[in-house]
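Structure, as structure tokens:
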Amino acid sequence: MYRCLGEALLLSRAGPAALGSAAADSAALLGRTRGQPATAPQPGLAPPARRHYSEAAADREDDPNFFKMVEGFFDRGASIVEDKLVEDLKTRESEEQKRNRVRGILRIIKPCNHVLSLSFPIRRDDGSWEVIEGYRAQHSQHRTPCKGGIRYSTDVSVDEVKALASLMTYKCAVVDVPFGGAKAGVKINPKNYTDNELEKITRRFTMELAKKGFIGPGIDVPAPDMSTGEREMSWIADTYASTIGHYDINAHACVTGKPISQGGIHGRISATGRGVFHGIENFINEASYMSILGMTPGFGDKTFVVQGFGNVGLHSMRYLHRFGAKCVGVGESDGSIWNPDGIDPKELEDFKLQHGTILGFPKAKIYEGSILEADCDILIPAASEKQLTKSNAPRVKAKIIAEGANGPTTPEADKIFLERNIMVIPDLYLNAGGVTVSYFEWLKNLNHVSYGRLTFKYERDSNYHLLMSVQESLERKFGKHGGTIPIVPTAEFQDRISGASEKDIVHSGLAYTMERSARQIMRTAMKYNLGLDLRTAAYVNAIEKVFKVYNEAGVTFT
């Protein structure tokens, strides 16, 4: 199935013309025919044209079904990697048996395994009763526990939670976090409920998940998402620990994104936005990719626009601003603002906290039109899914699209961006900072000790002993005739001498994770000649890892 699709896709799409005019190192990285193993060029032969996967899909809607959209991206990756998976199987089976095995496991990976649909009543503060709807989808249990956020939104649907759960599976695989994918949603507008009512909804939803076996430190671990945060996660942890987890010493590991006092971890609030920054950093500093885009490496002369000024948008903006990029526009659901001279994230954050909106910010003007189409180098869609579509993709002016949100780009828009030589840094890599630091928090809860507590003093003393040893060695060699020879550490080293704090360890671990994963995606793109199609490279990377788990573990009762 996947091979047939892949063969069809290999027929009729030529790579972007811009690739042929790139620098030599860029051409070596990105200029070959996409999707085929690297071979020496043959004089006089042009690369075979190829179709993009969205052209092969039956669904050509500008607003596709979200889960079908993710499945389409998966199919594209599967069609690219199937032959390699068959080739790498080290068994005595025939070629046909190997291919059947590979296709069978790919069919296991693709669908969403479990979807729990709930409805429960609450009594509101005015005495009226209301029935609340909620969902929890578990896409894959190839690794346990499952992991994924809980969002509160009137747009929540079965299709949405299935799509987001599947993205979580691939996201965890891309950054080597050993979780399966899951997602939950409660169909409410939290602005219409009091804090007391939201606590009732959250605690009751937790109990419903617990009764059905959809929450637990080793089963399924929720996290914050749209319109939820530390407060809601604290309610969930307390509800679970006070009921079904009463005798479980690891009960507070049932959820991540908690306050520090409830077992949370330093750096979790900003983790997704910081991950977005590190993801962009890894690609924007790669000279070969920047030469393809006609840009210079680094943040120094870059402008960017953020759509969505929530947790992800704010922290992405803060870190890019801190490293020299200039934010020229910010968009929200009620309007957008623009200032070509730059917008300060702290000033805008303070204004929004005071007024509840970014509109009216004195150091920017109202932007007429779609902020997604504003003139900038980097566009960060950090709001909701399916924001970049076939309709607006031709008008996007950014050279880099950094997907801070889940699923902001439809398949048709993705095709257009590839044709226009626009680099899309995909969601399943770029916004994985949240689940990465959630993994660190989960490990902290299981270990029952904060990061660095056992080593703070030892590391500090070791550093001072090292400096003293160097000083004494120099004095023995050159003598003390001119006095002692003090060893003065630099400011950066002085900050580290006292030992790494938990936040330092978390930030370092996140930066390393994003860097390593970016390199894996780049190598995969080169290996399969995918050019600027980083999304397919990320999906291929994820599929290879999930496939390996299923293949080596074996399939029970088949």
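Note: Cβ is positioned from N, Cα and C throughout, glycine not excepted.
The feature NAD(+) binding site is assigned by Swiss-Prot to Gln141, His142, Arg143, Asp176, His252, Lys444, with similarity to another entry given as support. Annotated substrate binding site per Swiss-Prot: Lys147, Lys171, Ser438, in sequence order, evidence recorded as similarity to another entry. Taken from Swiss-Prot, the feature N6-(2-hydroxyisobutyryl)lysine applies to Lys147. Under the heading ADP-ribosylcysteine, Swiss-Prot lists Cys172. Positions annotated as region 'Disordered' by Swiss-Prot: 34-58. Feature annotation from Swiss-Prot assigns transit peptide to 1-53; the stated evidence is similarity to another entry.
If you take the CA of the residue listed as 'ADP-ribosylcysteine' and look 10 A around it, the binding-site residues you hit from Gln141, His142, Lys147 are Lys147. Of all the binding-site residues given, namely Gln141, Ser438, the one with the smallest number of surrounding CB atoms inside 10 A is Gln141. The binding-site residues under consideration are Lys147, His252. Their Cβ neighbour counts within 10 Å are lowest for His252. Just so you know, the Cβ of His142 (NAD(+) binding site) picks up 24 other Cβ atoms within 10 Å once every protein chain is counted.
If you take the Cα of Lys171 (substrate binding site) and the Cα of Arg143 (NAD(+) binding site), they are about 13 angstrom apart, rounded to a whole number. Rounded to a whole number, the C-alpha distance linking Arg143 (NAD(+) binding site) with Ser438 (substrate binding site) is 15 angstrom. Across the fold, the C-alpha of Lys147 (substrate binding site) and the C-alpha of Gln141 (NAD(+) binding site) stand 10 Å from each other. Cα to Cα, Asp176 (NAD(+) binding site) and Ser438 (substrate binding site) are separated by 13 Å. Note: the CA-CA distance between Ser438 (substrate binding site) and Lys444 (NAD(+) binding site) rounds to 10 Å. In the three-state DSSP scheme, Asp176 (NAD(+) binding site) is classed as coil.
Proximity of Lys444 (NAD(+) binding site) to non-local residues of its own chain (separation of 6 or more, Cβ distance below 8 Å) is seen for Gly263, Ile265, Ser450, Tyr451, given in sequence order. Least crowded of the binding-site residues (Arg143, Lys171), judged by neighbouring Cβ atoms within 10 Å of its own Cβ: Arg143. Cβ neighbour density within 10 Å is lowest for Asp176 among the recorded positions Cys172, Asp176. Lys147 (substrate binding site) falls within a strand segment according to DSSP.
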